[in-house]
Amino acid sequence: MEIFLTIMFAIIRLLDIISEPFFKCRAKNKKLNLPPIRNDLLKISATELASKIRRKQISSLDICEAYIERVKEVNPTLNAVVEDRFNEALKEAKQVNSYLQTTSLSEAELEKIKPLLGVPVTIKEACAVKGMTHCTGSLSRLGFTAENDAEAVAKLKCAGAIVLLVSNTPELCLSWETFNYITGRTNNPYDPTCTSGGSSGGEGALLGSAASLIGIGSDVAGSIRLPALFCGVFGHKPTSRIISIKGHWPMGQDDKYNDYLVVGPMARYACDLKLMMKVLCNDKTSAELRLNESVDLTKLNVFFIEDIRSSVIQPYTSQDIKGVIEKSVKHLKEFYGSTIKDYKFKSFDNSWIVCNKEITGIEDTPYPFKWEACGDCFDLFKSPFGKSRYTWNLWYFYILDKLYKLIVSDYSVENEKMKKEVVEKLDNNGVIILPTFIDSACKHNQMNFKVSYSHLSIANALGLPATSVPCGFDKEGMPIGVQVLAAPHQDRLCLAVAEALERYFGGWIEPPE
């Protein structure tokens, strides 16, 4: 029955090719540039800011005011904010200033117990922030307010971070385009006619525009890494079950959520990913990840993949992204002495169906409608015209979910074989450099025509850590980058390679004026 899915995706792929000129023509001459960055405080990493705050060289209040001003400048163009808490954040920043004037703790002691003291942070709305909206873009949850912080948010607050706002997501996080009927559509900071990705698209847009410094996203099939790629920033999908997902919505009773859904950091500067990982992990998991140990890149084995064409219907990776993969591999070899491995992961050949079957195996995704209900079924036919209570993107994922459950065979054995091959080859000193996605950000509404998600879903289906790394721009002036995968619990390898490539490519580069 897999032939049915192949035919369906072939039709979608054909529609993608046919519609490409239409999307480009419709968006022509609509590009708007963001206001330039005027405050240099917005160009300092969270790691450095936290250190300067502890030394009383910079005021937390000044930093928070700078970021609030920047959010107000860019959000009319981006539409990335669901709800802010600016007044409360400024009060907390003043309290940090007062605390530093009176505390008897040394700088080293402060760094240990409150490593993010006074640093502003933004949170994807799917992760609960006490007292703030927690509807995750769904009209079925409109008015829902979080009673408690998600565990990841609580850890950030305990570390001294100051939450500025919650950012936009697709309805129930089920889309690679950030759009819903409550907040609307979020735009890309490098070209507002393009998507910021999803489902952590609000975070990606704020980070890329310098309206945020560090943020929390979630990832079940690339939802941290895709917005990071499209918006020119860093995003890390941690090893599965390392960081608590309690307080995230959507959520269900099926334990498989813990295998495939992760909460993780997004940042403009690579060094801040490690800082946030230390905060988000507990002592036990932090020790397992060995985050405090340095990584010797001279002993690193580097595998690379330019294309995962596990089906003839899948398009090739763009030449621009292939180019930065080649440059990344060459740089690691020539500058650090890393060993380049010429090996083809044969088990990836069928990853498009194996990985998606695994992820859609989650049993109780809380869709607000049922296929069997006549009223809901009728609603489906209204959704492409914007007349449904639910977004077309949500219906699209619901249909795919049902199709995979109904007609696709059990691929759990193949999934385990794939994981075994990756773990054995990478061991504790290997990474794979591959595309995060096949191309840079596309125009709005195009993502549902894209059928190349193997690059994203592999990490979730296999429980691997993966980091999206910005590597400059393509010929259209849009951010491009690579993805770095490692074996489970080898997150530090991904983060070390991200920092090395940041030094080479320049990392995040502010949007043009």
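Glycine is treated like the rest: Cβ placed from N, Cα and C.
Note: TrEMBL annotation is automatic and uncurated.
The active site, charge relay system annotation in TrEMBL covers Lys124, Ser199. Residues or ranges marked as active site, acyl-ester intermediate in TrEMBL: Ser223. Positions annotated as domain 'Amidase' by TrEMBL: 63-495. Residues or ranges marked as signal peptide by TrEMBL: 1-19.
All features noted in TrEMBL, drawn onto the structure.
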residue: Lys124; record: active site, charge relay system; Cβ neighbours (10 Å): 33
residue: Ser199; record: active site, charge relay system; Cβ neighbours (10 Å): 33
residue: Ser223; record: active site, acyl-ester intermediate; Cβ neighbours (10 Å): 34
Item to check | Integer Cα-Cα distance in angstrom, Ser199 (active site, charge relay system) to Lys124 (active site, charge relay system) | outcome: 9
Checklist entry - How many Å separate the Cα atoms of the residue listed as 'active site, acyl-ester intermediate' and Lys124 (active site, charge relay system)? => result 11
